[in-house]
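Working notes for the structure below.
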Amino acid sequence: MAKKKATVFVCQNCGTESPKYLGKCPSCGSWNQMVEEKVPDKTDSRSRISMSGKASKAEQITDITIEREERVKTDLVEFNRVLGGGVVPGSLVLIGGDPGIGKSTLLLQVSAQLNNNGGKVLYVSGEESTSQIKMRAERLELRGSDFYLYAETELTAIQETIEEIKPDYVVIDSIQTMHHAGIDSAAGSVSQVRESTSTLMQIAKMNDIAIFLVGHVTKEGNIAGPRMLEHMVDTVLYFEGERHHTFRILRAVKNRFGSTNEIGIFEMKNGGLVEVLNPSQLFLEERLSGATGSAVVAAMEGTRPILVEIQSLISPTVFGNAKRTASGLDYSRVSLIMAVLEKRAGLLLQNQDAYLKAAGGVKLDEPAIDLSIAISIASSYKEKETRPTDCFIGEIGLTGEIRRVSKIDQRVNEAAKIGFKRVFIPKNNMDGWDFPDNIEIVGCTTLADGIRRAFS
Ligand code: TYD
Ligand code: MG
């Protein structure tokens, strides 16, 4: 009988295993990611444990009773919304983000809230000492009983502590620092992350404990370690933001218990993270009235409309090919709109440099922002400002038509609420709903029509 190999090569990017070293991973195609790791001991019974923590068997669909998962709401409305309504007991939630973006701060605040509402919390940190966490907690003016801090990276010890304390919520900061004694590889390697996560998953499901994992993000923007981590957990949230801006966006990218379109907006202040309940105001705060190249759109972020300013700077190309950049907007969408503007609205843009941006660092990706992009380009090109109280909503088709968008009523109501006086919408969106009476509605059929009326 062939001797069983004790090690295996594992792709650090996607978790693919191979008995021999390969330069290029056959599965995800990345180079030089294969690292030799010990084969994990597969003899444990872990794989037989079901999601509900009980040994599972096949059942008739008619015999299965639906258990409504109860959600625990924190006082952070934005956090609840991103989770799909609150924390689900027994769920495993991964929070990814750049170092220093505020993941530990967020989870410390969430822990304190859950604690205030009567939950027992264990905060495990592999990155900071308990006194460091206490210092931060004091800065955040958080205190409570039944709130345990624990500086540890060894999983067996953590498991024992969980069994002893019996918390309702556990925070693991971060999964990359955790170490499973049964595995020989270094903390942060694929096998370690996989074993640690599956152990934690088991703990969560068996004891109905909600566990939050912090995951660091690599330069490419993925959670460091394998993609498979994202497949294992119930919910994946990303905490994003620009270092130079104080506000942060919490975005759901996977959620077994809710929608993935939701975002929560926070501002990092001296006293910790503060929720931004009126993001439109925040994004429009620094807007310069009377500037050219600016147009506001009511974009939908999840279930909520947010007003964002689209800025353009169009200037003649001095040398060589025209430069085009887009930040916070999809580059190919911008190119397409510029082509339509050229062909259908007579703007000569081919020898113009174009710099576009969604102000405030948000990322917008939906068709309804097309019209505002076009208007802001036209405004900069013509050097004519739009009215500061105008708002533009609509998708642009290749023949220059303005196409219908979803949730028009919510978008227009948000614009009216913030004080906009006039809103340009697709003509086809005019029927079937009640306009708010403090805003003028301009229905547009074509891009050329929209531009003419916006600048007349
Ligand atoms: P942190 O939560 O440690 O980030 P992460 O866990 O994602 O690495 O946040 C660190 C940053 O947040 C740090 O640069 C300081 C800033 N900060 C504040 O501005 N106000 C505060 O009240 C706290 C606790 C941190
Ligand atoms: Mg941290």
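The backbone N, Cα and C atoms fix where each Cβ goes, glycine too.
Looking up the ranges 99-103, 124-128, 254-258 in TrEMBL, the one annotated as motif 'RadA KNRFG motif' turns out to be 254-258. Broken down by DSSP into helix, strand and coil, the domain 'RecA family profile 1' (68-217) contains 63 helix, 33 strand, 54 coil. For Ile101 (ATP binding site), the same-chain residues that are 6 or more apart in sequence and have a Cβ closer than 8 Å to its Cβ are Phe239, Glu240, Gly241, Arg243, Arg248. If you draw a 10 Å sphere around the CB of Gly100 (ATP binding site), it holds 9 other CB atoms from the protein chains shown.
Within its own chain, the motif 'RadA KNRFG motif' (254-258) is flanked in space by residues 69, 71, 83-85, 88, 91, 230, 233-236, which lie at least six positions past its ends and keep a Cβ under 8 Å from the stretch. By the criterion of other Cβ atoms within 10 Å of the residue's own Cβ, the least surrounded of the binding-site residues Gly97, Gly102 is Gly102. For ligand 2, the neighbouring binding-site residues among Asp98, Pro99, Gly102, Ser104 are Ser104, by Cβ distance under 6 Å.
When the binding-site residues Asp98, Lys103, Ser104 are checked against ligand 1, Lys103, Ser104 have a Cβ within less than 6 Å of one of its atoms. The Cβ neighbour count for Pro99 (ATP binding site), using a 10 Å radius and every protein chain shown, is 10.
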